[in-house]
Amino acid sequence: LLLSILGAPGLGDPGPLEDVVIDRYYIPKICLREAQMGDFIRYHYNGTFKDGTKFDSSYDRGATVAGVVGVGRLITGMDRGLQGMCVNERRHLIVPPHLGYGSIGVAGLIPPDATLYFDVVMLDIWNKKDKLQITTLARPLHCNRTVESSDFVRYHYNGTLLDGTPFDSSYSKNSTYDTYVGTGWLIKGMDQGLLGMCAGEKRSIIIPPFLAYGEKGYGSAIPPQASLVFSVLLVDFHNPKDGVSLEHLEVPEPCRRRAASGDFVRYHYNGTLMDGTLFDSSYSRNHTYNTYIGKGYIIPGMDQGLQGVCVGERRRVVVPPHLAYGENGAGNKIPGSAVLIFDVHIIDFHNPEDPVETETLYRPEGCNLTTRHRDFIRYHYNCSLLDGTKLFSSHDYEKPQEVTLGTDKVIEGLNRGLLDMCAGERRVLIVPPHLGHGESGARGVPGSAVLRFEVELISMEEGVPEGYLFIWHGEPPAGLYEQMDLNKDGEVPAEEFSTFIKTQVAEGKGRLMPSSDPDKVIADMFRNQDRNQDGRITPEELKLKSDEDQEKIHEEL
C-alpha cells in the first residue's frame with residue numbers, strides 16, 4: 001500500500017486511504033519508552049504534499065513542537081501516527097484528507113481534500129505521573145556518608161536532552177559545579193537526584209520537565225517542556241556544620257603520651273581530595289612535615305586533627321573546606337570548597353619545655369658510687385629515632401664510647417642522661433631536639449628529631465674540676481720543684497716531669513684527669529708549665545693551678 005501511494009512503478013492507484021500510513025524507517029536499538037495516549041511529546045517534522053511541496057516545517061521555525069498525544073489536540077492522523085514512537089525514532093506518515101484537514105483545508109496553506117505527508121523525529125516523551133529516574137552507574141565499595149539536604153556538593157556532569165543532544169557540561173569548563181542541595185539553588189529534579197549519593201558515585205538522572213525548566217525552557221539550549229538527562233559524578237560534599245572527622249587507622253600500644261597544643265610534631269602525610277586525587281605528599285619530598293600544633297601555623301582542620309596523636313600512630317583526618325582553604329582553594333591542585341583527606345603517620349613530637357626522659361631498665365644492687373660532672377666514663381649505646389629507625393651504635397665499633405661528662409663532647413641530653421648512673425646500669429633516654437641536634441639536625445639525624453638512646457655504663461673514673469688536668473688529694477708537697485727535679489740539675493725536662501706525676505698517681509697522692517691516654521694528659525700539663533716552650537720547666541715557670549687562678553683574680557681586680 002505504501003509503495004503504491006509513493007508511486008511505485010507498475011502498480012495502479014489503489015484509491016483513497018482509510019487510515020494513516022506509517023513507515024518506521026529508523027528505530028533506535030534501545031527504546032526505553034513508547035509514546036502513549038496522554039503523554040507529553042516533543043518532536044520535529046517536515047510537512048509536504050504528494051508532489052513534495054512543503055507546506056510547514058518545525059525546523060524552519062527553529063522550534064520543536066510540544067503537546068499531548070491522543071487527546072484530540074492534533075489532527076487525527078498525527079495523533080494516531082505519533083503513538084508508539086520511541087525517542088529518536090523517525091517515521092514517514094501519510095495522512096488521508098479525512099484524518100487531516102478534510103474538505104475544508106486551511107485557507108492559503110492546505111487545499112481541500114489534501115493528503116498530507118509528514119517526516120517526523122521524536123525527541124522527548126513524558127507524563128505528568130512521571131517520577132525522577134535515577135540509575136546508579138558506579139558506587140564506591142566504602143561509603144560512610146551520603147548527601148543530605150543542606151549539604152554543599154561539588155560534582156561534574158554532562159547534561160543532554162532526552163534525544164542525546166548535549167546542552168551543558170562542567171567538564172568543558174574544567175571546573176566542578178558547586179552548590180547547596182535542598183535549598184532551592186538547583187532545579188527540583190537535581191535537588192532530589194543528588195540526595196543519597198556517595199563521594200565518587202556516578203549516576204544517571206532523568207528529570208521530567210515539570211521538575212526541570214518546564215514550559216519556559218532555559219535559553220536557547222533547553223527548549224520548553226524538555227526532559228533532561230544528567231550524567232553526574234559526585235566529587236565531594238560536606239556540611240557547613242561539619243567538624244574535623246578522624247579515623248584511627250593504627251594506634252600503637254602502649255601510648256604513653258599524646259600530642260597537645262604547643263607540641264612540635266614531625267609527621268609524614270599523603271593529602272588527597274575526596275575523589276582520591278593526590279594533591280600533596282611529604283613522602284615525595286623524602287622529608288617529614290614539621291610544625292607546632294594548636295598555634296595557627298597550619299590549617300585549622302589539621303591543627304585540630306593532630307591533637308591527641310601518639311608517636312607511631314596512623315590517622316586519617318578529613319577536613320571540610322571551612323577548616324581548610326575555603327572557597328578559594330590553594331594553587332592549582334586544591335579547588336575551592338574542596339574537602340581534604342590527610343593520611344598521616346606520626347614520627348615523633350615533643351614540647352620545647354621537655355626534659356630528658358629517663359627509664360631505668362636495670363640498676364645493680366648496692367650501687368653507692370654514681371657518675372658525676374667531669375667523670376670519665378665508658379658506655380655502650382644504641383641510638384634510634386622514635387619510629388625505630390636505627391641511627392648509630394657503639395656496638396658497631398671495637399670498644400665502648402669514652403667521654404668526660406660536662407665537656408661538651410656529647411649532646412646535652414645524652415650528657416644529662418648519663419649522670420647519676422652506676423657501673424653496669426642500663427637506661428633508655430628520650431632526648432628532645434633542643435637537647436639533641438636541634439632544628440638543623442646532624443649527619444644522619446633529621447632536623448628537630450627526638451632521639452632514643454639505650455645506654456649501658458661499663459665503667460667510670462672520678463674526674464677533676466673543670467680547667468684542671470691533675471689534682472692533689474691533699475696539700476701539695478713542700479719544695480715541689482726540688483722533688484720534681486729528680487737529678488737536681490736545676491731544670492725539669494718532660495721525662496722527669498712525666499716520671500714524677502706518674503709516681504704521685506701511683507702513690508695515691510693525686511690523680512690525673514681521666515682519659516684513655518694518660519701520657520697525652522701529662523704532655524698537656526708539661527706544655528702548660530713550660531711557658532717559653534724551650535722543652536724544660538724552670539722554678540720561675542712552675543705554678544699551681546690554684547695560684548694561677550688567684551693571680552687572675554688580682555689582675556681582674
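Glycine is treated like the rest: Cβ placed from N, Cα and C.
Residues or ranges marked as domain 'PPIase FKBP-type' by TrEMBL: 38-126 (among others).
What TrEMBL lists as domain 'PPIase FKBP-type' is 150-238 (among others).
Per TrEMBL, domain 'PPIase FKBP-type' is recorded for 262-350 (among others). Per-class residue totals from DSSP over the domain 'PPIase FKBP-type' (262-350), listed helix then strand then coil: 12 helix, 37 strand, 40 coil.
Here TrEMBL flags 374-461 (among others) as domain 'PPIase FKBP-type'.
For the domain 'EF-hand' (480-507), the DSSP-based tally of helix, strand and coil residues reads 18 helix, 2 strand, 8 coil. Under the heading domain 'EF-hand', TrEMBL lists 480-507 (among others).
Per-residue confidence over the domain 'EF-hand' (517-552) averages out at a pLDDT of 84. What TrEMBL records for 517-552 (among others) is domain 'EF-hand'.
Per TrEMBL, the feature region 'Disordered' maps to 527-557.
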Folded-back contacts onto the domain 'EF-hand' (517-552), same chain, C-beta under 8 angstroms, at least six residues removed:
467-470, 476, 480-481, 484, 490-494, 497-498, 501-502
What are the helix, strand and coil residue counts for the domain 'PPIase FKBP-type' (150-238) according to DSSP?
13 helix, 37 strand, 39 coil
Could you put numbers on the helix, strand and coil content of the domain 'PPIase FKBP-type' (38-126), residue by residue per DSSP?
14 helix, 37 strand, 38 coil
